[in-house]
Amino acid sequence: MSRQHSHREAASPRQSADTAHDHNEPTQPHAHHCNVHGHHAHSAGAPRAVPGDEASVSPPASASTIYTCPMHPEIRQDHPGTCPKCGMTLEPIMPAGEEEENAELMDFRRRFWISLPLTAMVFVLAMAGYRLIPLNPAWKNWLELVLATPAVLWAGLPFFERCVQSFLHRSPNMWTLIGLGTSAAYLYSVVATVAPDVFPSTFAASGRVEVYFEAAAVIISLTLLGQMLELKARSQTSAAIKSLLGLAPKTARRIDADGSEEDVPIAHVHVGDLLRVRPGEKVPVDGVVVAGASALDESMITG
């Protein structure tokens with residue numbers, strides 16, 4: 001979207017892109033003094049400071065990517081890893097421009113689809129196994145143990161790691177509940193299967209000690225499904241931010257001291273550089289318009 005502007009003033013960071021333009025010469029390329037995070041304006045003819053044309057903006061961001069925890073935003077570091085409080089995978093605050101699928105989402109998806117059939121079989125055996133398969137109750141427990149072990153221990157490994165992290169940092173959270181609940185059900189069922197005689201006779205009122213492998217497996221599978229949906233939603237949000245970042249210009253046209261012009265990457269634009277923004281172009285950095293008038297591409301603002 002383009003828009004004509006017809007007044008001249010010292011611009012704020014946003015005004016530098018869509019309100020501070022001089023229309024003495026309609027639709028002419030205008031000189032734009034870059035104000036990358038706090039620069040000031042110069043005249044297009046002779047580079048000099050223009051009193052009162054300062055624009056106040058935030059300090060320059062670090063070139064390195066900062067990673068944070070979705071559940072604990074106060075956790076920040078300059079390299080990938082896991083949250084020391086809850087064990088979740090850290091995510092970049094500002095999504096990278098290149099498209100790549102979330103590695104954590106891929107891992108959870110793989111664990112979910114492998115554990116789902118195992119969980120389904122354990123659930124059916126627990127609910128109606130004696131009707132479908134004429135097995136001795138003890139053998140049925142062993143079969144549930146074999147099917148539930150990968151569905152709980154392998155598929156739920158990330159959750160147990162987060163549970164341990166919550167104990168180490170004395171920061172109980174939902175992973176503490178999930179870890180304690182599933183591990184208690186699983187370990188109790190393992191003991192009831194391997195050594196049922198250790199339990200009092202009252203635990204075997206129906207002739208055998210009941211096991212709860214299906215409860216642990218179902219909880220893990222449902223938690224994996226919930227994490228997949230959450231990560232998918234976050235990925236879609238990141239994709240929207242990436243598409244917005246894609247609208248930002250990658251280069252700027254810099255006017256050198258001898259009056260010559262050259263296109264340089266945005267990363268090479270420094271405090272005090274004088275830039276030219278031609279008709280139809282985007283304003284590459286924060287700054288103040290010092291001369292000229294033009295029609296700008298404002299898609300970065302309007303979408």
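Cβ atoms are placed via backbone N, Cα and C, with glycine included.
Nobody curates TrEMBL annotations by hand; they come from automatic prediction.
The following features are taken from TrEMBL:
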| type | residues | note |
| --- | --- | --- |
| COMPBIAS | 30-42 | compositional bias 'Basic residues' |
| DOMAIN | 67-92 | domain 'Heavy metal binding' |
| DOMAIN | 247-303 | domain 'P-type ATPase A' |
| REGION | 1-63 | region 'Disordered' |
| TRANSMEM | 112-130 | transmembrane segment |
| TRANSMEM | 142-160 | transmembrane segment |
| TRANSMEM | 172-191 | transmembrane segment |
| TRANSMEM | 211-229 | transmembrane segment |
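Sequence-distant neighbours of the transmembrane segment (112-130) (same chain, 6+ residues past either end, Cβ-Cβ under 8 Å): 137, 140, 143-144, 147-148, 150-151, 154-155, 211, 213-214, 217-218, 220-221, 224-225, 228. Sequence-distant contacts of the transmembrane segment (211-229), counting only residues of its own chain at least 6 positions beyond either end whose CB sits under 8 Å from a CB of the stretch, comprise 105, 108-109, 111-112, 115-116, 118-119, 122-123, 125-127, 141, 144-145, 147-148, 151-152, 155-156, 159, 178, 181-183, 185-186, 188-189, 192-193. Sequence-remote contacts of a segment are chain residues at least 6 beyond its ends whose Cβ falls under 8 Å from one of its Cβ atoms, and for the transmembrane segment (142-160) they are 87, 107-108, 111-112, 114-115, 118-119, 121-122, 125-126, 129, 135, 175, 178-179, 182-183, 186, 189-190, 193, 211, 213-214, 216-217, 220-221, 223-224.
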